[in-house]
Every structure is written in C-alpha cells, then in structure tokens.
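Chemist: To start, I am sharing the structure in question, which I have written as structure tokens.
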Amino acid sequence: MADQRMDISSTISDFMSPDPADLISSSLSTSGMDCNRKRKGSSTDYQLDGFPFEEGMDTDKDDQHGRLEYTDQQGRIKNAREAHSQIEKRRRDKMNSFIDELASLVPTCNAMSRKLDKLTVLRMAVQHMKTLRGATNPYTEANYKPAFLSDDELKHLILRAADGFLFVVGCDRGKILFVSESVFKILNYSQNDLIGQSLFDYLHPKDIAKVKEQLSSSDTAPRERLIDAKTGLPVKTDITPGPSRLCSGARRSFFCRMKCNRPSVKVEDKDFPSTCSKKKADRKSFCTIHSTGYLKSWPPTKMGLDEDNEPDNEGCNLSCLVAIGRLHPHVVPQPVNGEIRVKPTEYVSRHAIDGKFVFVDQRATAILAYLPQELLGTSCYEYFHQDDIGHLAECHRQVLQTREKITTNCYKFKIKDGSFITLRSRWFSFMNPWTKEVEYIVSTNTVVSTNVLDSGDAAFPQLAASPHSMDSVLQAGEGGPKRTHPTVPGIPGGTRAGAGKIGRMIAEEIMEIHRIRGSSPSSCGSSPLNITSTPPPDTSSPGGKKILNGGTPDISSAGLLSGQIQDNSGYPYSDNSSILGENSHIGIDMIDNDQGSSSPSNDEAAMAVIMSLLEADAGLGGPVDFSDLPWPL
C-alpha cells in the first residue's frame, strides 16, 4: 500500500512539474494564476481519497488553453503579414499597369523597341505634355489651303499679298533651307546665293543674338535629350511623323537688319583718302526686315537633307522657322508740302471758375517764361489780348454750362517779356459728383506756329477773320461809338487793366443762375447746368415793379443778372447767349466806370441798395427805389 502511494505521488509530482517549454507557453497567462498553480503543485494537501487527479487535470486544461492562445496569436500575425504583402502587390501591379498604359499613349515611348523604366516613361510623358501646351485648337496644314489651289499657286498668292519673300531657316545652325525668288526684289540676292548659307552671315552684328533667341526657344517639339535612368545613355526615338500642328507658342514675329546687295559705286582714289575709300567700299547697307511666321518640325528624311552624318543628330526632328520677310521702311512718309510733323508744344493749366490759375504745368516755363508761382492766383484774362477777350469770355461761359470740351480759336497770350504768343486751348470743366458744382476748369494750351496763322486755309477757318475786339462786341448792341480807353502806366499794350474782373463776374452770373434755377419749383429734377425752361406765371409787386421769386425786384437792367431777358410774365430766363454778347450789359465800360467812380457817396448808396435788396428778399420791406443810385438805369 505504501509502495502504491509512493508511485502515485511520483506520478503526480512528475505530472505537476512543468517542462521548460511549458513554462514559456504558460507565461502568457496572468501572474496570479501562475502563483496559484505553483502553490497548488507544491502543496501536499491534496485530497487523494476518491479524487486523486482532479487538480492536475485543471492545470493541464489551463496549459492547453495558453498554447491555443499563443497559436492563434501567431496565426493572426502571419495572416496580417500576408494581407499587407497582398495589398502591396496589388498596388504595384496597378501602378505598373498605369505606367504601361501611359507609355502606350506617349508617342516617344510607344516607338521604342525595348521596354523603358518607369522614370523614363514619366519623363517622356511630362515632355509630351509640355509639347501639347497651348495647342488646344490644333489645325493641320490641309485646313489652311483651299482645295482648288495648288501649293505653288498658294505660295505666289501669299507672296504677292505680303509683298515680301518666303524663307525657311533651320533652328539649330541658322542655315537657310529655302528662300523664294522674290527675295531678289528686296535684298538684291538671287535664290541660289542664299540657299545653303547661314542666315547669321547676312544679319547685322547687333541683331544676331536676338534672332538666335527667336530660333532657339521652340515650343513645337521637345529639344532636350532623354536619358535612360538605368543605363544613363541618351534615348533614341523613332517617331512616325504625323500631321504638323500650329500652336500659339510657336508663333514668331521680330525685326532684324539684313544685308542688301546694292550695286556699289566705284570710288576713285584721288577723290578720297585710301583708308576712307576702303571703308566705304567694304561697307554694306542694311535694310530692316519684319519677319512673321511659325516654328515647325520635319523629319530629316522629309526635308531631303543629309543629316545622318552630323554627330549631334540623335534622331530628333528638324525644327525650322517658316516665315515671310517684308521690307520695313526706315523713314515715315512726309506730307506733300514737305512740312515735318513734330509733337506739338503744349502745357496744361487748371483754373478756378473765375479764371484764376490754380495749377500750371512745368512746361509752361519754357513756353511763357513765367515761373508757375508767378501765374498762380492771377486771372488768365490779364494775359489775353484785348481783341480776343470777347471770344474767350464766350468760351468761358460755355465751358461752365456744359460738360463738353470747348476748343477756342487761336488767340494771343502775353508772355513775360511783354510780347504775345499764339495759342489754341481745349477747355473742359470738372464737376464734383457729390455737390454737382463745377470745381475747376482744365485747359490744354497748344502753341500755334506762325506758318499756320499765315496760311488761314480751310483747316482753320476761324483764322481767316480776326476775332472781334471786346469793345466792338459790347458796343454792337447799344449802337454807340467805340470808346477809347486810356493807357495805364506800367501795363503793356494789348492787354486791358482790370480784365481779371471779367472772369469773376462770369462766375457770379452762372452761380446766380444756378441759384435761381435751384429755387424754382419746376427745376427740381433738372441739372444745375441746364438753365433753360418754361417761365412760371406772372408775379408783380404792388408798386408796379417786377418782382423775382416772391420779393426780389428785377435788377437785370442794372447788370447784376446779365445774360437774362424778361418775357411778358416778368420772370427772367437765359436766352443761351454770351454774357458778353449783344444783349449783355457787363463789359469793359462798366469796369472802367467802376474804377473811375470810387467815392464814399457811391459806396454808401451801393450799400443801401444791397441792404434794401436783402430786406426785400427776406420779405421785410416793400419795393426798392433805385432813384438814389448814382448811375443811370
């Protein structure tokens, strides 16, 4: 019995003692379970009565479960690796299929006899895309030629219409491959003299670099060599020539000077020194040629040229410039009368609405001899000749009422030395878009030459008759004799003293007209520059005087609202006539009277009239009595 128990104990101890490999597999289980198992395996409190192997069987199940978990984990890792490899393989296969499809679409790759590496295929595809750039609307050569015309007939028609010569030049060396017979009419060279020669030998030395630049930058075909990434050797392509295309990047248009084979004149040595005659004999004249055309590509075999012997020929197409050269004249045709056209001498000035200078261009100093600061703040009427003031005042009034440009007749402008220069001006007014008021007048003044004034032809009809003087315009409506004005010491002859007041009175008149039109109910939607409308109903004062705007007496006869007339209703409106025309009462006479009648009594009377007008305008008084005025009405 004791022996039997010893055998059972040894069997259990052998069963409970794990193998080192089993210890490694059981390490995947928790540490608590390992400790439990060790304590259970080392303890001697086993209940062997009736259940001698139950605890050992539980431990075996745990070990088997750990082994199964380890096997499953190893299987999952292996399956994940296999799945990743399959994904990478499918990706590589898909990329290879796309590269093969791309190689079949690129002509340079499709023409290769051997399989290219991926990098070379991608490089050729990029260069092919660069070639197609800009050729969104390609046209073949057949689309440019009508069916009923042959090639020779079309060539002759083009040369006749272009009045030039056709030439074909290779882009690599500048060799003239073809030139039409019409080159003899322009360069005096025959067709045989130029074919096969270098174009650079017939160009001006300073134009060679420019022509080389036009020939080298080709966009019609790839000009750089393709290198295999594996071997490092240049790739030779055998491209089947297709229909040539014209794209916008291949267009060329440039000017260059070419030698003209003009017949030389024999120079005798006795007339000129030997060195001078030799230089003149060797000197060749050049003519300017305007070349327009396209860069095109042909295979060397199609051109009929022996290009196989050239060392740098790598099977690429021959890129050429096909252009038409036309003679560009050196001298612009002059008028029949031999007059040389030059840029007109002019300067720009800016004036306030009363004609005072607010800006003067710096070019005015070279024309008028005035510095800009000498003209600023002065009125332009102070420099006008007295015979031209009437016409210029008319233009001044028009430019304040319209937005159009006003061109004056030729007039005389006083320069710094006291003499006069003839000018013609273009005036236009600038209106503030917010306030709708004229802010300033811009004048472009052009100097008129003396021969234009002397001609007086149909181009300048206003020059045939001299403009009316200021006095004649003012006296025409009154029928009185022309007054003689005294000469003011210190003022050069030809100008009028106090002429600067004319511009101020014109500006005040236009402002008064705008004020009246702005207060009129019928002019609410009209422009402030439009001063013509239908007169409103009659408004009269109790004393029989004409009242304006419900209380303002009619003072147009006194010259304060000149340029207006009255109808039967008594409302003043403009007749669109000049402020200095026949119906006007503002002029040099009034200016001279104002200068000669400056006294305290006159000033007090004028102030009393102004106060009465203000009271009547505000409705504070009755009609104004003008009998106390020192001047007649």
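Cβ atoms are placed via backbone N, Cα and C, with glycine included.
What Swiss-Prot shows for this protein is this:
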DOMAIN    79-132  domain 'bHLH'
SITE      His84  site 'Interaction with E-box DNA'
SITE      Ile87  site 'Interaction with E-box DNA'
SITE      Glu88  site 'Interaction with E-box DNA'
SITE      Arg92  site 'Interaction with E-box DNA'
SITE      Leu132  site 'Important for interaction with CLOCK'
MOTIF     149-159  motif 'Nuclear export signal 1'
DOMAIN    333-403  domain 'PAS 2'
DOMAIN    408-451  domain 'PAC'
MOD_RES   Lys545  N6-acetyllysine
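Walk me through where these features lie, including what they touch and how far apart they are.
Modeler: Model confidence over the domain 'bHLH' (79-132) stands at 85, taken as the mean pLDDT rounded to a whole number.
Summarising the environment of His84 (site 'Interaction with E-box DNA'), the number of other Cβ atoms within 10 Å of its Cβ, over all protein chains shown, is 10.
Proximity of Ile87 (site 'Interaction with E-box DNA') to non-local residues of its own chain (separation of 6 or more, Cβ distance below 8 Å) is seen for none.
Around the Cβ of Glu88 (site 'Interaction with E-box DNA'), the number of neighbouring Cβ atoms within 10 Å comes to 10.
When secondary structure is read from DSSP and collapsed to three states, Arg92 (site 'Interaction with E-box DNA') falls in the helix class. For Arg92 (site 'Interaction with E-box DNA'), the count of additional Cβ atoms within 10 Å of its Cβ stands at 10 [all protein chains shown].
DSSP assigns Leu132 (site 'Important for interaction with CLOCK') to a helix in the three-state reduction.
Long-range neighbours of the motif 'Nuclear export signal 1' (149-159) within the same chain, counting only residues 6 or more positions beyond its ends whose Cβ lies under 8 Å from a Cβ of the stretch, are 165-166, 180, 182, 324.
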Chemist: What is the total of other Cβ atoms whose distance to the Cβ of Leu132 (site 'Important for interaction with CLOCK') is within 10 Å?
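Modeler: Looking across every protein chain shown, the total is 11.
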Chemist: Could you state the CA-to-CA distance between Glu88 (site 'Interaction with E-box DNA') and Leu132 (site 'Important for interaction with CLOCK') to the nearest Å?
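Modeler: Distance between the two Cα atoms comes out at 34 Å.
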Chemist: Looking only at C-alpha atoms, tell me how far Leu132 (site 'Important for interaction with CLOCK') is from His84 (site 'Interaction with E-box DNA'), rounded to the nearest Å.
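Modeler: Per the Cα atoms, Leu132 (site 'Important for interaction with CLOCK') and His84 (site 'Interaction with E-box DNA') stand 40 Å apart.
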Chemist: Summarise the domain 'PAC' (408-451) by DSSP state, stating how many residues are helix, strand and coil.
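Modeler: Here the numbers are 2 helix, 26 strand, 16 coil.
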Chemist: Using DSSP, how many residues in the domain 'PAS 2' (333-403) fall into helix, strand and coil?
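Modeler: Reading the DSSP string over the domain 'PAS 2' (333-403) gives 25 helix, 13 strand, 33 coil.
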